Amino acid sequence: MSPATSSGKPGFQQLPLDTTLPRDWKTLASGPEMPLVCLTDFQAYAQEHLSKSTWDFIEGGADECFTHDDNMAAFKKIRLRPRYLRDVQEVDTRTAVQGEEITAPIGIAPTGFHCLVWPDGEMSTARAAQAAGICYITSTYASCPFEDIAATAPRGLKWFQLYMQPDRQLNKQLVQRAESLGFKALVITVDAPKIGNRRRDFRNQLNLKMNLLLKDLRSPKERYSMPYFQMSPIDSSFCWNDLSWLQSISRLPIILKGILTKEDAELAVKHNVHGIIVSNHGGRQLDDVPASIDALTEVVAAVKGKMEVYLDGGIRTGNDVLKALALGAKCVFLGRPVLWGLAYKGEHGVEEVLNLIKNEFHTSMTLTGCRSVAEINQDLVQFSRL
């Protein structure tokens, strides 16, 4: 059942706990008879077909899940102001991130452990992103080796997300491996000096340390000698002044993921990073922080056009994409919906999710009178008084 790596060794080991596996791979592969016509259809399918512990791991938030829920609710407080009698026979959704062209301002956010929901895991995700012509941010906690992810989608735009590890040498090895494999940017997650209080995982006694083999976070000497990877703690001492060390070991542009305030956005400019992903980690870290879309305008105003600003969290429709761009995001990234698509039909399920939201976004642009991404601006939105 395990996918082979380029070296012929399995990309992950058979999981010892059946509760972490989907209930029926064949059911997942065949797909339902009814067509799935929106992202929430994929959500419902994944919930029905994944084990409870896997579903809770994907869907769960921190503490009371207020921020998790608010990420989506906040988009519904924003109304669109369409402009009509414009020639919209041709609508172009293309844009660029860090100088690389993509077919739409939609990408895949970094999420780990894709092999929990589909045997090929991140390899399927990478192929789908390549086919869609969008950016895929690969997680530190990918359950397939980075070499295999790069090899299976050689033409796809990929960025590498790094959780800073206490071992500085390991961080250097990870960054330089990613750069040598053709990853085009380094995404540093800043909002996780400690893992948030994820109550669903606590109740399920989820222990990913014992369930997945993550070869990429072990030294070459340890890689095949230890039966299971023990997830090392994230480096909680990493701070602004350490960014210069990262800049000294790699030429990759550095993007900070998890910024929510103007103060931190101004510091990002001061430290010469290349981009910010406005994000609250899908509501999985600190509860009661603002929804990503509510924090966006503050961050955009603070950087004053000196770097690109992106957003993840709560994107469920093409209208959501349009609203985020109208408020200053250069691109949005999808997290959970990609895993729903992966659970549906692997690579083809992720392709369906990406194509669906790209088509919705095209419709949203057409119906608001936008012929190109450059024409999307703040005049298109207003905040509801309700």
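Keep in mind that glycine also has a Cβ here, set from the backbone N, Cα and C atoms.
Annotation comment: TrEMBL describes His281 as active site, proton acceptor. Look at TrEMBL and you will find 110-112, Ser139, Gln161, Thr189, Lys257, Ser279, 312-316, 335-336 tagged as FMN binding site. Annotated glyoxylate binding site per TrEMBL: Tyr163, Arg198, His281, Arg284, in sequence order. As annotated by TrEMBL, domain 'FMN hydroxy acid dehydrogenase' applies to 31-386.
Residues listed for glyoxylate, Tyr163, Arg198, His281, Arg284, cover a largest CA to CA span of 18 Å. Of the recorded residues, Gln161 (FMN binding site) and His281 (active site, proton acceptor) place their C-alpha atoms 13 Å from one another. Cβ neighbour count for Arg316 (FMN binding site) (all protein chains, 10 Å cutoff from its Cβ): 19. Within 10 Å of the C-beta of Arg284 (glyoxylate binding site) there are 25 other C-beta atoms, taking all protein chains into account. Cβ atoms within 8 Å of the centroid of the Cβ atoms of Tyr163, Arg198, His281, Arg284 (the glyoxylate site) belong to the same-chain residues Ala62, Asp191, Ala192, Ile195, Gly196, Gly282, Gln285, site residues excluded. Cβ neighbour density within 10 Å is lowest for Gly112 among the binding-site residues Pro110, Gly112, Gly314. Using a 10 Å radius centred on the Cβ of Lys257 (FMN binding site) and all shown protein chains, the other Cβ atoms total 25. Within the set of recorded positions (His281, Arg336), the lowest number of other Cβ atoms found within 10 Å of a Cβ is recorded at Arg336. In terms of Cα spacing, the recorded positions Arg198, His281, Arg284 that come within 10 Å of Lys257 (FMN binding site) are His281. In this view, Gln161 (FMN binding site) is surrounded by 24 other Cβ atoms within 10 Å of its Cβ, with every protein chain counted.
Of all the binding-site residues listed (Arg198, Asp312), Arg198 has the fewest other CB atoms within 10 A of its CB.
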